[in-house]
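Asker: Take a look at this one; I'll ask things after.
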Amino acid sequence: MNKITAAITAVGGYVPDYVLTNQELEKLVDTTNDWILTRTGISERRILKGEGKGTSDLCVPVALEICKKRGISPEEIDLLIVATVTPDMTFPATANVVTDKIGAKNAFGFDISAACSGFLYALDTGARFIESGRYQKVMIIGADKMSSIIDYTDRTTCIIFGDGAGGVLLEPNTEGYGIIDSILKSDGHGREYLHMKAGGSVKPATLETVNAREHYVYQEGKMVFKYAVSNMAEAARDVMQRNKLTADDIAWLVPHQANKRIIASTSQYIEVPEEKVMMNIHRYGNTTAGTIPLCLWDYEKKLKKGDNIMMAAFGGGFTWGANYIRWAYDGDQYGK
Ligand SMILES: CC(C)(COP(=O)(O)OP(=O)(O)OC[C@H]1O[C@@H](n2cnc3c(N)ncnc32)[C@H](O)[C@@H]1OP(=O)(O)O)[C@@H](O)C(=O)NCCC(=O)NCCS
């Protein structure tokens, strides 16, 4: 029998309705539309509003869209992995909340915390379950309600992040389509430059931590930028080299959407031209684990069976990596 690979068979996405524009941010902090656009490429981002709404509420429409497209019931899902750094609660896992909300009664689920690389980590993990031959339907969702951990008085971070989610279904394939290879890396020394100071076991929430605004993203943007540029590009190059792929062989680069300048330097490094680079940062900002599947969602109709797709990400941890996918279906088979 041919080797089993984990093919992506459907994509889903969801962004909340509320649009937070650069113009609105100009009223909140000392910034300008021009600065944000030229330094990051972001025009607007989406924010999940409403009491009692969390990351699971971003995941539910994604999961249901995927089930609808594939014509399956949530009860057919074997496993749900949610990549997020903004879980509904510290525990249980958001995946458990989502399986309950969608009625995925036969699925087990867990979360992966790898910040902006979370979707790539989760995708690669999910692929192993399919390749084992024991599981038939594994759903992977990258989702973050970043607005829950962003300080809207800090102009260096509030301009970047937004809320959103995207996901895919993985199913067994014996024709060589699906997740072919990946390089995933982490380096914990990078936590110094990008983290949330309080709310974990080292520094549980107190009145003091709240007053000191320590439950928000802390980022040294310049350092993160520097590491992101080199690591994301090198991971993509290494995956290409070991699979003997040239830039001409790549149909699409799907980069994590953190900053359009990081995206540009990654694509230039591996010599993939702009027209083959998926980009939606201008509309959604950085949705952390959501960016890569949201790109797939936006571009799904353009994807063709057999396309070589290179995904690359860098994020808090530090974490980074690149995944090589051979696309399994013509994207226009699903209307959106
Ligand atoms: C955050 C980021 C956009 C800042 O851009 P930058 O070009 O590095 O800007 P700097 O931090 O060097 O700041 C330059 C100046 O702009 C100012 N500035 C920062 N944010 C600003 C804003 N929103 N509006 C106006 N000015 C701003 C700074 O205070 C600084 O002023 P100074 O020179 O007087 O000190 C950029 O570093 C970045 O994208 N980093 C990576 C972020 C990322 O990818 N994070 C997610 C994990 S993948």
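Using the three backbone atoms N, Cα and C, a Cβ is placed for every residue, glycine included.
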Asker: With the ranges 67-71, 72-76, 257-261 to choose from, which does TrEMBL describe as region 'ACP-binding'?
Answerer: 257-261
Asker: Within the domain 'Beta-ketoacyl-[acyl-carrier-protein] synthase III N-terminal' (110-188), what mean pLDDT does the predicted structure show?
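Answerer: Residues in the domain 'Beta-ketoacyl-[acyl-carrier-protein] synthase III N-terminal' (110-188) carry a mean pLDDT of 98 in this prediction.
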Asker: Residues sitting near the region 'ACP-binding' (257-261): Cβ under 8 Å, six or more positions beyond its termini, same chain?
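Answerer: Counting only partners 6 or more residues beyond its ends, the region 'ACP-binding' (257-261) has Cβ contacts under 8 Å with 39-42, 116, 160, 225, 228, 279-282, 284-287, 291, 294-295, 314-315.
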Asker: Pop the Cα-Cα gap between N286 (active site) and C116 (active site) into the table, whole Å please.
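Answerer: So the alpha carbons of C116 (active site) and N286 (active site) sit roughly 9 Å from each other.
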